[in-house]
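Enquirer: Let me begin by handing over the structure; questions about it come next.
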Amino acid sequence: MRPRPIRLLLTALVGAGLAFAPVSAVAAPTATASASADVGALDGCYTWSGTLSEGSSGEAVRQLQIRVAGYPGTGAQLAIDGQFGPATKAAVQRFQSAYGLAADGIAGPATFNKIYQLQDDDCTPVNFTYAELNRCNSDWSGGKVSAATARANALVTMWKLQAMRHAMGDKPITVNGGFRSVTCNSNVGGASNSRHMYGHAADLGAGSQGFCALAQAARNHGFTEILGPGYPGHNDHTHVAGGDGRFWSAPSCGI
């Protein structure tokens, strides 16, 4: 696990009469921090103020949806659309339950503080990195979508993996590959419509969990494509991806 960034208490800033601008991470927006007692920390990636609940909308909701994307319910995928509807409320409740918080579906200080504990200054979850999700090139270019979109999709994938990791006892999950440019995909014999070229996909090593346990768990954490043992070319890894449609096939795992 990478070290977490040092958090600055807003109450200390207010008490000292100091004014600091929020720190902006590369390619990640930062919300204006409120100096109210409702917010416990100024985060290096993104800081929420107040609370979010059903009916809320905007960038703050979209940022929340990215972090709870791994809690949509079995077989579902949460839309990252900035609209706090019933599906987002349910995802927030599952996130809260997973971390022992009051599961009211309202994102407030306790929920945000837990997210701050789970994310690094580049907005990735603490147990995964952009480098793990891109072993093809350094700039996310050359895929089926823009580099920015591929990178953003990979961020959502990482938060899904973080949720899955927590559900499986917080044991490390081995990521052997993620984003591929069209060239990288061709070089490894990938399918012409592979979701790797969109930044949606990750190939997982067996780790301590085993391929089948990973494939089975992925069904609960927002992955619409799961391929594993028994599916051609997938006896040596478990492939998980988001994106449109749903296709699960790991016959040796009962999927």
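Just so you know, glycine gets a Cβ as well, placed from its N, Cα and C.
Grabbed the feature section from Swiss-Prot, which reads as follows:
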MOD_RES   Asp43  blocked amino end (Asp)
BINDING   Arg180  substrate binding site
BINDING   His196, His237, His239  Zn(2+) binding site
ACT_SITE  His234  active site, proton donor
Enquirer: Determine, to the nearest whole angstrom, how far the Cα atom of His239 (Zn(2+) binding site) is from the Cα atom of the residue listed as 'substrate binding site'.
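Expert: That comes out at 14 Å between the alpha carbons.
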Enquirer: For the C-alpha pair, I'd like the distance in angstrom between the residue listed as 'active site, proton donor' and His196 (Zn(2+) binding site), rounded off.
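Expert: Cα to Cα, the residue listed as 'active site, proton donor' and His196 (Zn(2+) binding site) are separated by 15 Å.
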Enquirer: List the residues in the vicinity of the Zn(2+) site, defined as same-chain residues other than His196, His237, His239 with C-beta within 8 angstroms of the site's C-beta centre.
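Expert: What remains near the Cβ centre is Asn176, Gly177, Ala201, Ala202, Asp203, Leu204, Leu227, His234, Thr238, Val240, Ala241.
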Enquirer: Please report the number of other Cβ atoms within 10 Å of the Cβ of Arg180 (substrate binding site).
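Expert: For Arg180 (substrate binding site), the 10 Å Cβ neighbour count is 28.
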Enquirer: For Arg180 (substrate binding site), which of the listed recorded positions (Asp43, His196, His237) have their CA atom within 10 A of its CA?
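Expert: Those near Arg180 (substrate binding site) - Cα within 10 Å - are His196, in sequence order.
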Enquirer: Just how many other Cβ atoms lie inside 10 Å of the Cβ on His196 (Zn(2+) binding site)?
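Expert: Around His196 (Zn(2+) binding site), other Cβ atoms within 10 Å: 26.
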Enquirer: Round to a whole number and give the Cα-to-Cα distance in Å for the pair His196 (Zn(2+) binding site) and Asp43 (blocked amino end (Asp)).
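Expert: Cα of His196 (Zn(2+) binding site) to Cα of Asp43 (blocked amino end (Asp)) measures 30 Å after rounding.
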Enquirer: Would you count the other CB atoms within 10 A of the CB of His239 (Zn(2+) binding site), including those on all shown protein chains?
Expert: 27
Enquirer: Please report the DSSP secondary structure of His196 (Zn(2+) binding site), reduced to three states.
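Expert: Its secondary structure by DSSP: helix.
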Enquirer: According to DSSP, does Arg180 (substrate binding site) sit in a helix, a strand, or coil?
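Expert: In three-state terms, Arg180 (substrate binding site) counts as coil.
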Enquirer: Looking only at C-alpha atoms, tell me how far Asp43 (blocked amino end (Asp)) is from His237 (Zn(2+) binding site), rounded to the nearest Å.
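Expert: Cα of Asp43 (blocked amino end (Asp)) to Cα of His237 (Zn(2+) binding site) measures 35 Å after rounding.
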